Amino acid sequence: MSEHAETTPPSILIVDFGSQVTQLIARRIRETGVYCEIHPFTTAGEALRALQPKGIVLSGSPASALDQNAPTIDPALIEAGVPILGICYGQQALCVALGGKVEAGHHREFGRAEVTVKKPASLYDGVWDLGTDHQVWMSHGDRVVELPQGFEVVGTSTGAPFAMIANEERRIWGVQFHPEVVHTPDGARLYANFVHNICGVDASWTMAAYRNKMIEKIRDQVGTGKVICGLSGGVDSSVAAVLIHEAIGDQLTCIYVDHGLMRLNESEQVVTMFRDEYNIPLVHVDASEVFLRELDGQSDPETKRKIIGRLFIETFEAEAKKLGGAEFLAQGTLYPDVIESVSITGGPSVTIKSHHNVGGLPARMNMQLVEPLRELFKDEVRALGRELGLPESFIGRHPFPGPGLAIRCPGGITPEKLDILRQADAIYLDEIRKSGQYDMIWQAFAVLLPVQTVGVMGDGRTYEFVCALRAVTSVDGMTADFYQFDMNFLGRTATRIINEVRGINRVVYDVTSKPPGTIEWE
Ligand code: XMP
């Protein structure tokens, strides 16, 4: 058995052929209490040897199984003898690999469809009954038209006569639809059945188990060494810090670089919580003066981001030196950052915004990384935070970008503008919390526009800034919808902001989704 397999729990291997929803397969499987990993089809053979999975799921793909350069299944996967479930393209690729036939669909199916269960199959044993119809989500142009030997059709839909196929003897199943998306209402139960009953893996992947495993792993990795952790006030770095502190105590020191671009009272809250409540050694660096000085007169979004990123690294590095250095750097890297994305076209993606993170630090400072959240999705990090006893109000916080209020103050930044923005933002969030909507929103914030407009207050003319309010719903920040507030709520909030904040005389609400907009304004 490989070293990796010894340290990982019984798992499922997800082979990624580049589908947009591959991560959802992993989410559904993890929700069943089973550990899984996503690996690109190009390295799936290695992953199989390292992970020794109890089952394999083959993802969908934007490619066509009929293309000359279509991604193929490593034969080792089929020969491994563990149960296999092929989803959409995964089903077609399986058929091609095993001698069946796929054809460009004459009935392309996108969206809701109904499958009819024609024969019993262990894939849906206990979930779907013979002869019943079920809503599923389809998204395919090609379809299977001839089955490999030993397979039979067990379910059909209008556009896919081979909607569900099975080879019970070889323990291989294929479905043309996507059980991982919410529009397949029974999809989660199908995955649960596959991993528990077919692959025989128990629901033992819990955050309590993960916490214990990681504590051991951190102790093993670090020994008596010193670890430095950059704390941002966000959920990821905070959970990482608390977990590492639990493992190695005061061998950990946190550095909180206060760039002066945080929200109202935010820095105090972060410092109080970690220093006083958690007793974690914490260096609070007030670097606001240098950040604001270097940002002075800069109005280009990318220039602002780059200045902040550079100063963050320089400040962090200087503080780490003062501490006498450390062998290890802790980071709150999450699983979605680790999954190697599969590019079917091979083209590079366009940079929309350069995100500020501490990615450049480890190489520059010659430090090894401690990344205890590398295997987790965001919702699992929150669950781990709860497990570690972090307060709910902290765990449920909306994400806050590294460059802070700098990217919510389009154009030039001044301390006065930041002050106005902080006050408006605090009122807006206060109203959202009071109305009970905070947890329904992915992110909500105020933006101070570099525009002044004319107003009238009392008997006088005003000429002050415009404040834009933004609130979006999202699952992962990659796409987002604007949040539909009630107009009374918006009216009430706007009145409070204009009455209570000197410097704003007009409030607007941003109704742009992503795409075409981005969540932040810069
Ligand atoms: P956009 O504006 O690109 O934002 O739609 C998507 C998500 O990323 C957050 N964001 C950042 N987070 N450093 C971060 O840590 C950054 O530089 C950064 N820029 C945007 C944003 O708040 C949203 O959640």
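Including glycine, each Cβ sits where the backbone N, Cα and C put it.
Marked as active site, nucleophile by TrEMBL: C88. C88 (active site, nucleophile) falls outside any helix or strand according to DSSP and counts as coil.
The active site feature in TrEMBL is assigned to H178 (among others). Using a 10 Å Cβ-Cβ cutoff, H178 (active site) registers 23 neighbours.
Around the Cβ of E180 (active site), the same chain contributes V21, L24, I25, R27, R28, I87, G187, Y191, each under 8 angstroms and 6 or more positions distant in sequence. The active site feature in TrEMBL is assigned to E180 (among others).
If you look up TrEMBL, you'll see S232, G233, G234, V235, D236, S237, S238 marked as ATP binding site. Taking a C-beta cut-off of under 8 Å and a sequence gap of six or more, G234 (ATP binding site) has these contacts in its own chain: G332, R397, P399, F400. For the recorded site, G234 (ATP binding site), the DSSP three-state label reads coil.
According to TrEMBL, the domain 'GMPS ATP-PPase' annotation covers 205-397.
Between the recorded positions C88, V235, the minimum number of other C-beta atoms within 10 Å of a residue's C-beta occurs at V235. Long-range neighbours of G233 (ATP binding site) (same chain, six or more residues apart, CB within less than 8 Å of its CB): Y256, M262, E266, S267, Q269, V270, F400. Sequence-distant contacts of D236 (ATP binding site), defined by Cβ-Cβ distance under 8 angstroms and a gap of at least six in the same chain, are G332, L334, L373, K378, V381.
Each residue contributes its Cα atom, and for S238 (ATP binding site) and C88 (active site, nucleophile) those atoms are 39 Å apart. H178 (active site) and S237 (ATP binding site) are 34 Å apart (CA-CA, integer value).
Relative to H178 (active site), the recorded positions with Cα atoms inside 10 Å are C88, the candidates having been C88, S232, V235. The ATP site is set by S232, G233, G234, V235, D236, S237, S238; from the centre of their CB atoms, other residues of the chain with a CB within 8 Å are L231, V239, A240, G332.
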